[in-house]
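Take a look at the structure below.
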Amino acid sequence: MAAEIHSRPQTSRPVLLNKIEGHQDAVNAAVLIPKEDGVITVSEDRTIRVWLKRDSGQYWPSIYHMVSSACSCMSYHHESRRIFIGQDNGAVVEFLISEDFNKMNHVKTYPAHQGRVSDMVFSLLSQWVVSTGHDKSVSWMCTQSGSMLGRHFFSSWATCLQYDNDTRHAFVGDCSGQITLLKLERDTYSTITTLKGHEGSIAALWWEPVQRWLFSGASDHSVIMWDIGGRQVHTRCEKVQALRYLQLTSQLVSCSADGAITVWNMDTPREEAPQWLESDSCQKCEQPFFWNIKQMWDTKTLGLRQHHCRKCGKAICGKCSSKRSTYPVMGFEFQVRMCDDCHSAIKDEDRTSLATFHEGKHNISHMDMDPARGLMVTCGSDRIVKVMHAPHACTYEQKHTRAPSRGSFIGHPASVSVYHGHTLTQGPPSSVWVSPN
């Protein structure tokens with residue numbers, strides 16, 4: 001049984017500034033135009049629209065362009081005003097937007113995939129467009145020649161993508177819950193490692209190149225931060241659809257299909273969630289579990305169901321884990337099962353929340369933020385685009401920043417340890433699963 005969500009009253013919740021309506025089908029992506037009062041949207045209704053804010057305070061479309069197939073995703077590069085549109089038919093279409101954002105010219109069409117394009121990234125540095133698709137592949141193409149440079153196939157649909165411009169590493173999430181790290185070259189590639197930690201389809205990735213953190217959100221209701229320390233955060237919303245890390249404020253923003261917007265404080269030291277232990281009997285009272293036929297016969301008792309304490313990871317019975325508690329330092333912002341000993345050891349200050357929870361009040365499938373202006377835009381299957389003022393995104397004195405450093409994190413995966421000493425190539429701890437049972 002899932003834990004019930006109780007929204008906490010917050011003083012810095014997002015404030016709705018504008019609501020943009022007009023699409024005839026689900027809006028799959030929306031991005032804020034930097035330094036402009038504008039939004040670019042793409043939709044299942046096959047339209048690409050550029051919305052500019054008029055003197056009336058409302059957004060009106062300055063560009064309305066229809067393509068041959070439903071628009072599934074988008075990558076926009078503001079400095080060059082180049083926009084790449086992924087389509088349901090597998091093609092990626094490139095356009096160039098005029099300086100006044102009133103005209104858009106077709107540049108190239110790339111035959112990227114045999115199925116729907118699920119995500120893509122344009123890299124001006126390498127002049128590549130990297131994309132993933134429902135044909136179970138990731139491809140990278142040269143935007144100068146329009147030719148295909150390489151392709152890698154997976155065992156399941158590739159759902160989302162992040163790309164490191166400096167090192168040419170791609171992170172690809174798929175429907176099986178795995179994240180594959182690839183080193184892309186012009187004519188070849190190599191598989192570096194596979195990250196295993198989710199029990200559901202990966203829906204969103206965010207790569208933070210300065211700290212070298214990768215955030216992943218999935219349909220298993222969890223968000224994982226992959227780092228040397230193996231820290232984790234968890235959310236109890238529906239399927240996590242969008243992620244964004246705010247480097248200046250050390251906050252992670254996640255959005256889910258039920259409209260929940262969660263802001264996680266990542267500046268606080270966190271504890272690793274323990275690996276779940278397995279046992280044939282309760283590690284507290286030593287009563288047998290229901291598959292331990294021998295002990296059940298010897299003691300003439302009925303077997304019990306196995307549970308796990310979220311704080312220590314021990315295998316325990318229901319009687320020895322009757323207590324529930326939050327434990328935000330380990331990522332559990334909502335009450336989860338704990339053994340009696342761990343519950344007694346938690347102090348009131350340990351239950352202080354490290355996240356804030358807000359309601360977007362509509363289905364959210366995509367989110368973009370402009371921290372410099374404190375703006376957020378969300379869109380979803382309800383065909384509505386919302387522009388909000390997000391106080392948590394406002395920048396301040398850059399005391400949290402540190403100079404980018406390029407180490408051996410990507411190039412030497414064996415040196416990266418997460419989850420209780422396991423390397424990233426090894427299996428995840430079962431504690432990543434966040435069911436309260």
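All residue numbers here begin at 1 and follow the chain in the order shown.
Glycine is no exception: its Cβ is also placed from the backbone N, Cα and C atoms.
Secondary structure of the domain 'FYVE-type' (276-347) per DSSP, as helix, strand and coil residue counts: 19 helix, 20 strand, 33 coil. Residues or ranges marked as domain 'FYVE-type' by TrEMBL: 276-347.
Sequence-distant neighbours of the repeat 'WD' (20-51) (same chain, 6+ residues past either end, Cβ-Cβ under 8 Å): 59-74, 76, 78, 83, 85, 88, 95, 97, 101, 104, 365-366, 368-370, 372, 375, 377-387. According to TrEMBL, the repeat 'WD' annotation covers 20-51 (among others).
For the repeat 'WD' (195-228), the model's pLDDT averages out at 86. Residues or ranges marked as repeat 'WD' in TrEMBL: 195-228 (among others).
Taking H, G and I as helix, E and B as strand and the rest as coil, DSSP gives the repeat 'WD' (195-228) the counts 0 helix, 20 strand, 14 coil.
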